[in-house]
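A quick write-up on the structure given underneath.
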Amino acid sequence: MSSVEPMAVSIRADVAPVQVRKLGTVDYLAAWDLQREIAEARAEGGPDTLLLLQHPAVYTAGRRTLPEERPADGTPVIDTDRGGKITWHGPGQLVGYPIIGLAEPLDVVNFVRRLEESLITVCAELGLPTGRVEGRSGVWVEADGVRPARKIAAIGIRVARGTTLHGFALNCDCDLNAFGSIVPCGIRDAGVTSLTAEMGRTVGVGEVIDRVADAVLDALDGRIAVRVEPAARVESAR
């Protein structure tokens, strides 16, 4: 049973508004370069930024990815410096990169919880109950007796110089078959799902992008309370 942790305070170091940039479809490596550019500027006093976009189909691997979790057919994978394991990005999936200067003392787990809570809130607004699974990061649809727990949103971040990079991916109306070639997030005993698959109607990125932007900002600044549940596993580099 979850309790509610009061969070009337922002996790951000800056009180200035977050700049939200909706970029459409962007190549993964180009977006990664942009993240690093913005993060460097943020570390030097620039604004907090939330990038919202989609990627052309691509597999990316976090630092804990094992060889056997990669595509068996040798499909190329981009190795990244984020936490977590391997995942897929592609059309129909909303990717968010919050590049945020965290308040001291840094609480990276709390940051991840706030991202999770923002996406849990969006799913609830759409009529889909979701939550967390103990010991696993991300947002999940609960097992229903027929199907196992299913991940609908993945989270993988890195923190450098007190600034966050990478972020979350919410499956809206994407091709779930793309996850079949890998062990998504290194988890073998659970499934992957999307808003469209769960709700029985098409739920595209365009329908949720504004909701996600608002919820992420509300969660980061403490206007959405975070339920107290087991901590997400994250990695930080200073």
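The backbone N, Cα and C atoms fix where each Cβ goes, and this holds for glycine too.
Pulled from Swiss-Prot, these are the features on record:
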- CYS185: active site, acyl-thioester intermediate (ACT_SITE)
- ARG82, GLY83, GLY84, LYS85, ILE86, THR87, TRP88, HIS89, ALA154, ILE155, GLY156, GLY167, PHE168, ALA169: substrate binding site (BINDING)
- 44-224: domain 'BPL/LPL catalytic' (DOMAIN)
- LYS151: site 'Lowers pKa of active site Cys' (SITE)
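The full span of the recorded substrate binding residues, ARG82, GLY83, GLY84, LYS85, ILE86, THR87, TRP88, HIS89, ALA154, ILE155, GLY156, GLY167, PHE168, ALA169, taken as their largest Cα to Cα distance, is 16 Å. In the three-state DSSP reading, GLY84 (substrate binding site) counts as coil. Under the three-state DSSP scheme, LYS151 (site 'Lowers pKa of active site Cys') falls in the strand class. Averaged over the domain 'BPL/LPL catalytic' (44-224), the predicted model has a pLDDT of 90. The distance from the Cα of TRP88 (substrate binding site) to the Cα of LYS151 (site 'Lowers pKa of active site Cys') comes to 13 Å. On a Cα basis, LYS151 (site 'Lowers pKa of active site Cys') lies 14 Å away from ILE86 (substrate binding site). When secondary structure is read from DSSP and collapsed to three states, GLY156 (substrate binding site) falls in the strand class.
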